[in-house]
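Chemist: According to Swiss-Prot, the active site, proton acceptor annotation covers Lys38, Tyr269, on the basis of similarity to another entry. As annotated by Swiss-Prot, N6-(pyridoxal phosphate)lysine applies to Lys38.
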Amino acid sequence: MRGAKSVIDLHAIAHNYNVAKQMMLQKNPSGHVLAIVKANAYGHGAVQVARFLLKHCSSIDGFGVSSIEEALELRHGGIYNKIVLLEGFFTEEDELKLIDDYNFSIIIHSEDQVNSFIKYPFNRPVEIWLKLDSGMNRLGFTPSQFMKFYNLLSNNKNVSNIGKITHFAFADMLENPEHTLKQWDIFEKSVAHLPGPLSAGGSAIILGWLNTVCTDWLRAGIMLYGISPFLSKNKDSKTPESVNIKPAMKLVSTIISVKHVDKGQPIGYGGRYVATRDMKLGVVAMGYGDGFPRQVKDGCPVLVNGVKAPIVGRVSMDMLTVDLSDIPDVKPGDEVIFWGTPELTVADIAKYCSDTSPYELVTKLTRRVPLQYTY
């Protein structure tokens, strides 16, 4: 069997949810935290993660997903708790029927959604979250539009409860607080006087802004998986260890060949890297076909038998090469770790790629990389 796999520590995810919940409750004793499991739980397996959280956490307030397909996967997997569709619905009749049948909560962010929603003959009222665009300029109603649609929905029989929700564009940049503070001010002034729950922000708010921004519901996304939302270049960055979250994914594979090359020999496609000395190379069963980034630079570290070794040469579809010259006794079958340890995190790997992030790296792993769970 090919050695590439993603080892998922479910206990770490449960620990991280509990960290988020405790931080929330310290600021708001009646507060709630939505566990975000969109994009297959950021590549960690949505159904397995949701089931484990429900079994091993004392109180799970609900789950957030992107689409109706993701929500149905949870329901069909036996998850009967609150599920919020973070992008609302995309088509009218088909999705609204499923929302009704499966009792999903939805975000509403456009006039078209409002018009479709109020016309549909629901069998029971639906919990909705009306989204305010407080300055991200993505989804949501502007402050000048918001009250029109709030009033329209608050008097509609299809609505059981209206929450108010927004999202922040710069919350992961602690050295640049002005934009987040401005968005928070707009959100408060626009909706805080209205009845019903408020939700503002995700992992960056939970870990970095609760002294300023605290609402009734927060959304724990990337932090659930042990990854800090804060950009490593920030002077005030918070590492996973400093905020007491544990990495949940360890990406591993194996050495499939060990060979020697002479100084001056090109390595890999295009000969991007040329051996600077007589070298011992390891060929590893991991490539961009598995989701490992093709754009990774030479020198990006991996762990071979617990020792750091640099990637040299271009990443191929199925393989990559590492310099084993300083590591003795490496043989085919030996383990290679790409990320998921205190010594080597997914954020470390992102630094060696152009214009990517830990979010992208963990969600881009392909089905060629099976998930192996530790319970």
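Every residue gets a Cβ built from N, Cα and C, even glycine.
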Chemist: Taking 10 A as the limit, how many CB atoms besides its own sit near the CB of Lys38 (active site, proton acceptor)?
Modeler: 19
Chemist: Taking the Cβ of Tyr269 (active site, proton acceptor) as reference, which residues of that chain separated by at least 6 in sequence fall under 8 Å from it?
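Modeler: The list for Tyr269 (active site, proton acceptor) reads Gly313, Arg314, Ser316, given in order along the sequence.
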